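Asker: My questions all concern the structure below.
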Amino acid sequence: MAGPRPPRFLLVFDFDETIVDENSDDSVVRGRALPEPLRQSPRGGSYNEHMQRVLAFLGEQGVRPAELRAAYENIPLAPGMAELFQLLSKHQELFELVLISDANTFGIEAKLRAAGARSLFRKVFSNPASLDRRGVLTLGPYHSHKCLRCPANMCKAKILGEYLAERAREDVEFQRVLYVGDGANDFCPAGTLTAADVAFPRKGYPMHRLIQESQEKQPGAFQAAVVPWESAVEVARYLQELLRKKC
């Protein structure tokens, strides 16, 4: 007997300000007194290393893992995201979901489980975060790369490219790649999409602005169809139409 048919579409999500409606790092530190050097993100420095220092400080101040987990769990979902997840849960045989985020695995796993959405995602790619023997949340970089556009700890285009190659070796070829994001670091992987694919930038956010600038400077260079969204319900409507067309 033949096995189940592979999914037709790969749906890639960012996390901060895409699945959730704010930056998860901001949610964790909100209401906590930080020393001056940790209050502002470094200009030109490594944000990942900055958050390593922030989390280490919180641990030293006695902030326990349960408090951090609760902070992540309570971050509100972006508008319409719950409805989009409901649609995707009904069509899991057609959509393969992965999440690529410059946040951290601890926070993402906590929020997805709280939202009842963890089982929708085949893979979560993010900066590793785990509890050390003292119960302090420690953070590391995801990988190293040579992309000049991306922060030193993560190039999402590299991750996406490697994932597609891995799935191809497993004889899974997607008809389309669909990318939902918001940030400047989502523009890099979106730029690798083909004319068959779709980019869903959150309207008015850096990814959307960079796509618009790219289209103005070099028409045709950005190949994917572009569907901006304010509510993820708009993404859901597009996917429903895609399914109706059976393409």
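Heads up, the Cβ atoms here are built off N, Cα and C, so glycines get one too.
Pulled these from TrEMBL:
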ACT_SITE  Asp14  active site, nucleophile
BINDING   Asp14, Asp16, Asp182  Mg(2+) binding site
ACT_SITE  Asp16  active site, proton donor
BINDING   Asp25, Asp102  substrate binding site
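What's the neighbourhood like for each of these?
Answerer: All chains included, 26 other C-beta atoms sit within 10 angstroms of the C-beta of Asp14 (active site, nucleophile).
In sequence order, Glu22, Asn23, Ser24, Asp25, Ser101, Asp102, Ala103, Asp182, Gly183 are the residues near Asp16 (Mg(2+) binding site), counting only same-chain partners six or more apart with C-beta under 8 A.
Cβ-based neighbour count (10 Å, all protein chains) for Asp102 (substrate binding site) stands at 24.
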Asker: Across all protein chains in the structure, which of the binding-site residues Asp25, Asp182 has the highest Cβ count within 10 Å?
Answerer: Asp182
